[in-house]
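A short worksheet on the structure shown next.
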Amino acid sequence: MLRTAMGLRSWLAAPWGALPPRPPLLLLLLLLLLLQPPPPTWALSPRISLPLGSEERPFLRFEAEHISNYTALLLSRDGRTLYVGAREALFALSSNLSFLPGGEYQELLWGADAEKKQQCSFKGKDPQRDCQNYIKILLPLSGSHLFTCGTAAFSPMCTYINMENFTLARDEKGNVLLEDGKGRCPFDPNFKSTALVVDGELYTGTVSSFQGNDPAISRSQSLRPTKTESSLNWLQDPAFVASAYIPESLGSLQGDDDKIYFFFSETGQEFEFFENTIVSRIARICKGDEGGERVLQQRWTSFLKAQLLCSRPDDGFPFNVLQDVFTLSPSPQDWRDTLFYGVFTSQWHRGTTEGSAVCVFTMKDVQRVFSGLYKEVNRETQQWYTVTHPVPTPRPGACITNSARERKINSSLQLPDRVLNFLKDHFLMDGQVRSRMLLLQPQARYQRVAVHRVPGLHHTYDVLFLGTGDGRLHKAVSVGPRVHIIEELQIFSSGQPVQNLLLDTHRGLLYAASHSGVVQVPMANCSLYRSCGDCLLARDPYCAWSGSSCKHVSLYQPQLATRPWIQDIEGASAKDLCSASSVVSPSFVPTGEKPCEQVQFQPNTVNTLACPLLSNLATRLWLRNGAPVNASASCHVLPTGDLLLVGTQQLGEFQCWSLEEGFQQLVASYCPEVVEDGVADQTDEGGSVPVIISTSRVSAPAGGKASWGADRSYWKEFLVMCTLFVLAVLLPVLFLLYRHRNSMKVFLKQGECASVHPKTCPVVLPPETRPLNGLGPPSTPLDHRGYQSLSDSPPGSRVFTESEKRPLSIQDSFVEVSPVCPRPRVRLGSEIRDSVV
C-alpha cells in the first residue's frame, strides 16, 4: 500500500501532458482513502477542556531558578519523595510540601567540568545547548543509593547518590565516585534512551559513540557484561523509548526464564520503498543470558526482535513511529495478562494534519510471534524472506528451559555453535505483533502515556493519561473497544512538550515534566461535576454520584451509605439513573418555576445572553416562555451558543438547556426587562441587584438619565443624509459633462480617426549611434512611414527625395479618401515607399 501511495504522489506531481488518459482504478481508490476523514469511532474530542491556570482544575507546580529540562522522574518506594533530574541539577522533592509556594526541597548540582565543556565546544557542539550535563538516567540501585547518568558535555558519566543526605557518593579519599557512561547514557541529549535495573544489574538501550552510529542493548553493573553485536546489524539506527521487565519464570511449566523487553523505532531493511521506512520494534533478551562460549562471546544469545503493527482498521494506514510504551501488569504472578500501551505517530502525513494513535498489545500475541518463524536475508540480493526449513535445536533465541536442561544445556555458554551461528543471521521474526487501536487523534501529537487500572463500583477500568507535544494532558478511559476522553488540561505553556509522566497510584497523583518545570496533578477531580448528569456523563471511573454530590469512589462504604451510589461508565445513562427532577423535558417546565436571573435591557439595543457549557459534547437548546427559540430578525443564536436579542419586541423568560446523550439539564435562566429612560431599579423584591445588559454606546449611570433619548430612532435622518450625499456627488459631475460637451465630441472624433489610421512613434537614434561625420537623420520625424497629406508641406519648402532622381510612375500611386477623415493621403510606389513627399 505504501508503494502505491508513493506512486500516487509521483502521479499527482507529473505534468498534465504526461498523465495517462485513464489512471488506474487502484490509484483512484487510494486517493479517496487518503482524502476521506477519519471515522468518528476512533477520532474523539475531549469532553471537557480547561485552559492553563483554570480554577476548576487546580494543580501544583515546581520549578527552580535557572534550571531547565526536567526529564528524569523517580518516586521513592514509600511515595513521599520525588526525585527529579534536570540540566546540571537533581532535586529531592517532598510530595506534600515542595510543590507548595515557598516549599522546601533538596538540590544537588552536578555539572560537567570546564575541561569537558571546552572539548565539547572544540568538537563543534553548541556550548550553551549541547555542552551541558543533562540527566538521562535516574534509577534506584539499592535501598540506600540511587544510580544516575548524564551526558556531561558529550562525555557521558555516571555516579551514585546517597539517599539519606542526598549527596554524591565519595570514596575514602573524598573524591566523587564517577564511572564512564559510555554504553549506558547517550552522548547527545537529544537522543532517546531507556534503562532499568533488575536485581542490581543495569539494562540499557542507547548509542555508544560520539557520532551516534553505534547503538547497543547492553547489561552493565554486573559480573557478566553483555551487549548486542554491532557487526551483525542487529539494530538499524534505533530510537529507544521504553523497556520492561516481565518475570515469566513465575508459574512457567516449561521452566522459562525472566525476560527484558525493549521498545524502539528503527529503519526497516526488510521493506523496499523509495525512501527509508521506519518500523516499530519489540526486542527481548533473557535475564540469564551469559553469551556464548566460542561464538557470540559476551554477546546476547537470546536477542530477537519483531515488528509492532499499529494501523487503522479500515484502510490499514500505518502509524509506524513509536513514541512511548507503558507496560501494565496486574501483578507479577499474572504476567500473562500484561498489556503494552503504545503511542504512535506516522512517518507519512494523511492530509494536512499530523495525528497520533494509541494501540494496545497483549502478551499472548507477543509470545506467539517470538515462537513463530524467522526471517533471513539473501546476501546477494539483500531480499528478506521467510525461513521454512527446519531450525537447529534447542530453538535459537529461546531461553534455557527444561527441554534444554534435559540435553545437559544449563547455560547459554553451553549452547551449540550451530544454534548461535543460526541466530547471528536470524534475529528478525517473520510475524508481526498486531494490536487493537484504541484511539486515533488527528489534532494532537501524543508523546507520553501512563495507564492506571482503577476499580470502579462495578468493574475495573484502564485510565490513560496522554501527554501531547504542546503541553496538554488528556485523560481517557478504555471501555471495551471504545475510548472516551474525559478531560483535556493545559498543564504547560503551548510549545513545551510533555517529556515524562509518572504515576503515584497510592496517593492518586500524576507527575508531569517538561522543559520549564514539574507539575503535580490529582488523577481525579470529582468536585468539578456539580450535578448528577455531569457526574455520570463524565464517565470518570474515579467518581460516582452519592445522591447529593459527586465523590471519589474510594470514599464509598456500603454499610454507611444512606443512598446507593450511581456510576455508569459503559452507558452513561444519566437520563435513567439520575433523579426525575433533573430529567423533566424542558417543553413541560412551567415558566417561572426555576430561579430566574433578572437582567435589564435598554430600549432599542442589541444584547446577548450567555450559556456556558461544561461539556464540549453537549448541545444548547434555547427556550422562550417554554417554547424553542426560532431564528428571526430580533432573536438569533450565535455560533458560540449565546443568544442575540435585537430590540425589546420579544421579552419573557429565556432558558438555556444542555442536551447530551439524551440527558437534559438547565444551564441558565434569564428574565429580561426594559429599563425606561435608562433608569434601573436598585433592587428587586428579593433584595438582589438586577444586572443591566446593554451594548449601546451611551449608557446612563445608576439613578441618572442618559444624555440621549434611548427610545429615539434616527432612521429618517439617515435616509436624508444618504440622499443629500448622492445629490452632492452626482450634480457636479453632470454639470461638468454638460459644460465640456463640445470638447468631448472633438476628443471622441479624434479617437475614431486614430483608430482608422494609427500613427507610430518615430525611431530616433541615440547620439552615440550617429555617424562620425556628423550627418544624421533629418530633424523632422518621419512619422508617416510612406503616407503624406497632400497639403502637409508648407509653401516654399523643398525636400529632395528619390522621386527627383528617377521619374515617378503615377500608375504605382494610390490615393485614398476616408469619409471620416476627408483629407486625402497618398501612398507612393514601392521604390519610394519610405520617402517624404
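A Cβ is built for glycine as well, from the same backbone N, Cα and C atoms used for every other residue.
Features reported for this protein in Swiss-Prot:
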type: DISULFID; residues: C120-C131; note: disulfide bond
type: DISULFID; residues: C149-C158; note: disulfide bond
type: DISULFID; residues: C286-C399; note: disulfide bond
type: DISULFID; residues: C310-C359; note: disulfide bond
type: DISULFID; residues: C526-C543; note: disulfide bond
type: DISULFID; residues: C611-C656; note: disulfide bond
type: DOMAIN; residues: 47-523; note: domain 'Sema'
type: DOMAIN; residues: 525-579; note: domain 'PSI'
type: DOMAIN; residues: 604-663; note: domain 'Ig-like C2-type'
type: CARBOHYD; residues: N69; note: N-linked glycosylation site
type: CARBOHYD; residues: N96; note: N-linked glycosylation site
type: CARBOHYD; residues: N165; note: N-linked glycosylation site
type: CARBOHYD; residues: N410; note: N-linked glycosylation site
type: CARBOHYD; residues: N525; note: N-linked glycosylation site
type: CARBOHYD; residues: N630; note: N-linked glycosylation site
type: MOD_RES; residues: S793; note: phosphoserine
type: MOD_RES; residues: S818; note: phosphoserine
type: MOD_RES; residues: S830; note: phosphoserine
type: REGION; residues: 767-805; note: region 'Disordered'
type: TOPO_DOM; residues: 739-837; note: topological domain 'Cytoplasmic'
type: TRANSMEM; residues: 718-738; note: transmembrane segment
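Using a Cβ-Cβ cut-off under 8 Å and counting only residues 6 or more beyond its ends in the same chain, the transmembrane segment (718-738) has close neighbours at 744. Counting only residues at least six positions away in the same chain, the Cβ atoms of D256, D257, K259, C286, G288, D289, S302 sit under 8 Å from the Cβ of C399 (disulfide bond). DSSP assigns C149 (disulfide bond) to a strand. Packing around C543 (disulfide bond) is summarised by its Cβ count: 27 other Cβ atoms lie within 10 angstroms of its Cβ, all protein chains included. Residue counts of the domain 'Ig-like C2-type' (604-663) by helix, strand and coil are 0 helix, 27 strand, 33 coil (DSSP-based). Sequence-distant contacts (6 or more apart, same chain, Cβ under 8 Å) of C158 (disulfide bond) comprise I137, F147, T148, C149, G150, L178, E179, D180, G181, R184, C185. Regional average pLDDT for the topological domain 'Cytoplasmic' (739-837) in the model is 50.
Across the domain 'PSI' (525-579), the DSSP tally of helix, strand and coil residues reads 16 helix, 7 strand, 32 coil.
For C526 (disulfide bond), the count of additional Cβ atoms within 10 Å of its Cβ stands at 20 [all protein chains shown].
Nearest in space to C359 (disulfide bond), taking C-alpha to C-alpha distance over the recorded positions N96, N410, C543, C611, is C543. In the three-state DSSP classification, C286 (disulfide bond) falls within a strand.
In this structure, the C-alpha atom of C131 (disulfide bond) lies 28 angstrom from that of N165 (N-linked glycosylation site).
In the structure shown, across all protein chains, C149 is the one of the disulfide-bonded residues C120, C149, C286, C359, C656 with the greatest number of other Cβ atoms within 10 Å.
When Cα-Cα distances from N96 (N-linked glycosylation site) are compared across the disulfide-bonded residues C310, C543, C656, the shortest belongs to C543.
Taking each of the disulfide-bonded residues C131, C310, C611 in turn and counting other Cβ atoms within 10 Å of its Cβ gives the largest count for C310. Just so you know, of the glycosylation sites N69, N165, the Cβ with the fewest other Cβ atoms around it within 10 Å is the one at N165.
The Cα atom of N69 (N-linked glycosylation site) lies nearest to that of N165, taking the recorded positions N165, C310, N410, C543, N630 as the candidates.
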